[in-house]
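Positions annotated as domain 'EamA 1' by Swiss-Prot: 16-139. Per Swiss-Prot, the feature domain 'EamA 2' maps to 188-313. For 9-29, 36-56, 65-85, 98-118, 130-150, 175-195, 209-229, 239-259, 272-292, 296-316, the entry in Swiss-Prot reads transmembrane segment.
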Amino acid sequence: MMMEHKANMAMVFVQIVYAGMPLLSKVAISQGTNPFVFVFYRQAFAALALSPFAFFLESSKSSPLSFILLLKIFFISLCGLTLSLNLYYVAIENTTATFAAATTNAIPSITFVLALLFRLETVTLKKSHGVAKVTGSMVGMLGALVFAFVKGPSLINHYNSSTIPNGTVPSTKNSVKGSITMLAANTCWCLWIIMQSKVMKEYPAKLRLVALQCLFSCIQSAVWAVAVNRNPSVWKIEFGLPLLSMAYCGIMVTGLTYWLQVWAIEKKGPVFTALYTPLALILTCIVSSFLFKETFYLGSVGGAVLLVCGLYLGLWGKTKEEEIQRYGEKQSQKEIIEEVIIV
């Protein structure tokens, strides 16, 4: 019972941390922080925070790094971290913090579709769990599109308020651009998830692998930022909210929540951790309503409902499939034992 409470509290804390990421990032970008420079500093904080723990805690799991493996890690970092995060922060500049939180609920759906395309996932439409996985993915992706592009009547409108921070209310044109960019960022992240599973089989030291990817991403982001913006003044970060946002995203989001999720997955399984994903969306919606005075439309609410329904439907299908597989394995082992006894 105590373990159950600890796992629940850990996952609630993780989602609170995740909810803070788009909110703080939005404020920092709105105050003039260059999004590409933001990614560089975020990854630098992450690499510095993870490296000592990776060195001391996983010394027994260290395995040799071949040139080919190092090259794989470099390109995975480029696609999944550097490209994904840079697109994410460009999107944050042109959309709302709520949309950024909402689209994370579509990640399982996008990952499932990509896994099917790469033949890493199988589905049986003759079984209820197979239908649930496909339907959940379709509903989740539909929810992301509805949230992004369907407005309808406004439910909460604060735009007439004089307390809105400058630059936090995107225009319609920028909202469309930001929505498409955010979906592209999530797609890159989903590709990272798929590629990560293969590399982890070759390099089992998880924390060292993440620390190495953060280091590569930091270097790549520096090159990207210099190539896009040659103005040296963009690298100067004043002590305040922008610096706090970078440290928060690097240390708290990439560092602390990683360990909490790994611990929860070991204790309760991956489905348990995924069930808490919509909590970040709810928290972000509440805070954004007061902080950024966001307008909430009926279409946004409908899209959020579809996202959450698609997430849970897909998770149910995946859980059911795993239960059937475990039952099949137990039956096979039982038959083998019976045959041995007979012989």
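Positions of Cβ are set from backbone N, Cα and C atoms, glycine also.
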Feature contact check the transmembrane segment (98-118) with the transmembrane segment (9-29), CB under 8 Å, 3 or more pairs: yes
Distal contacts, the transmembrane segment (65-85) - CB-CB under 8 A, six or more residues away: 39, 42-43, 185-186, 188-189, 191-193, 195-196, 199, 202-203, 209, 212-214, 216-217, 220-221, 224
Positions on the same chain near the transmembrane segment (36-56), where near means CB under 8 A and six or more residues out: 25, 28-29, 81-82, 85-86, 89, 205, 207-208, 210-211, 214-215, 217-218, 221-222, 224-225, 228-229, 234-235, 237, 242-243, 245-247, 249-251, 254-255, 258
Helix-strand-coil residue split for the domain 'EamA 1' (16-139), DSSP-based: 102 helix, 0 strand, 22 coil
